[in-house]
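Participant: Have a look at this one before I ask anything.
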Amino acid sequence: MNLRDNLRRLLVRVYTRRVEGHLDHDQVPKHIGVIVDGNRRWAKAAGSTTAQGHRAGADKIEEFLGWCSETDVEVVTLWLLSTDNVNRPPEELAPLLEIIENVVTSLAADGRWRVHHVGNLDLLPGQLQTQLKEAEEATAHVAGGILVNVAIGYGGRQEIADAVRSMMLDAHDKGTSLEELAENVDIDLIGKHLYTSDQPDPDLVIRTSGEQRLSGFMLWQTAHSEYYFCEVFWPAFRKVDFLRAMRDYAARHRRFGG
């Protein structure tokens, strides 16, 4: 490592401490959603394989959660696998699923997080379904830690369709007629059947890699969220990038649609 690289690292550390020192913890988002993006492009730029890119992205997750803990974030939703990605070629999907399985196992074993799956389990292999259920059960009683939603086999439109289906089945089980259900349907009722029912909606959504779209991420819950689009690929996402997102959020005046 040459002198220029050492100087750059030193300046980044100094700048990071400065941004962190000026962060207003009263203006911290309670729920952060993250569209984890850029693993493959990071790997290509680094001359690595796609699988190595996904592993580098997986290694970033616990580091990111540590930053969230330091700033008193309460809920984090990580979009790790979309419903579209489930249809990737087997030679690409298999190593990605293995990496995701390792992420889930590691989060559950850490002891600091409560793990909750959001997505359609039926789209996932049986082994991953079992791991997700076991991770939820093993971490259900973790006190004081961040609630980590792992969005795997997740799509925003799929979630709304599943919520409506769940609502109708629930009404049927209770003997509610279709007419009665139609009269009682409102935003709150549908919200109770979302994957994230009883959770606060995301205050802030971060997307890495420079893409400036949500791609169907939490369509229902992000109606009043703030968005932060970061140019860096997810494996290269640094603490200073996280703090910039937090600072940007704190500087905004949320109007909740008003």
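Glycine residues also receive a Cβ, built from the backbone N, Cα and C atoms like all the rest.
No curator has checked TrEMBL annotations; they are predicted automatically.
According to TrEMBL, the active site annotation covers Asp37. Marked as Mg(2+) binding site by TrEMBL: Asp37, Glu226. According to TrEMBL, the substrate binding site annotation covers Gly38, Asn39, Arg40, Arg41, Trp42, His54, Ser82, Thr83, Asp84, Arg88, Arg207, Arg213, Leu214, Ser215. The active site, proton acceptor annotation in TrEMBL covers Asn85.
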Participant: If one measures from the C-alpha of Ser82 (substrate binding site) to the C-alpha of Asp37 (active site), what distance in angstrom results, rounded to a whole number?
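Facilitator: On Cα coordinates alone, these residues lie 11 Å apart.
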Participant: Tell me which of the binding-site residues Arg40, Arg207 sits in the most Cβ-dense spot, judged by other Cβ atoms within 10 Å.
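Facilitator: That would be Arg207, with the highest Cβ count within 10 Å.
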Participant: Ten-angstrom check, please: count other Cβ atoms within 10 Å of the Cβ of Glu226 (Mg(2+) binding site), all chains counted.
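Facilitator: Step by step: centre on the Cβ of Glu226 (Mg(2+) binding site), count other Cβ atoms within 10 Å, giving 17.
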Participant: I'd like to confirm something. Which of the recorded positions, Asn85, Arg207, Leu214, Glu226, has a Cα closest to the Cα of the residue listed as 'active site'?
Facilitator: Arg207
Participant: Select the most exposed residue of Asp37, Asp84, where exposure means the fewest other Cβ atoms within 10 Å, treating these as the recorded positions.
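Facilitator: Comparing Cβ neighbour counts within 10 Å for the recorded positions Asp37, Asp84 gives Asp84.
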Participant: Rounded to a whole angstrom, what is the C-alpha distance between Gly38 (substrate binding site) and Glu226 (Mg(2+) binding site)?
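Facilitator: With distance taken Cα to Cα, Glu226 (Mg(2+) binding site) is 21 Å from Gly38 (substrate binding site).
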Participant: How far is it from the residue listed as 'active site, proton acceptor' to Arg207 (substrate binding site), counting Cα to Cα, in Å?
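Facilitator: So the Cα of Arg207 (substrate binding site) lies 17 Å away from that of the residue listed as 'active site, proton acceptor'.
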Participant: Between the Cα atoms of Arg207 (substrate binding site) and Glu226 (Mg(2+) binding site), what distance do you get, rounded to the nearest Å?
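Facilitator: Arg207 (substrate binding site) and Glu226 (Mg(2+) binding site) have their Cα atoms 11 Å apart.
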Participant: Where does Arg207 (substrate binding site) sit in the DSSP three-state scheme?
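Facilitator: Once the DSSP labels are grouped into three classes, Arg207 (substrate binding site) ends up as strand.
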Participant: Give me the CA-CA distance between Leu214 (substrate binding site) and Glu226 (Mg(2+) binding site), in Å, as a whole number.
Facilitator: 12
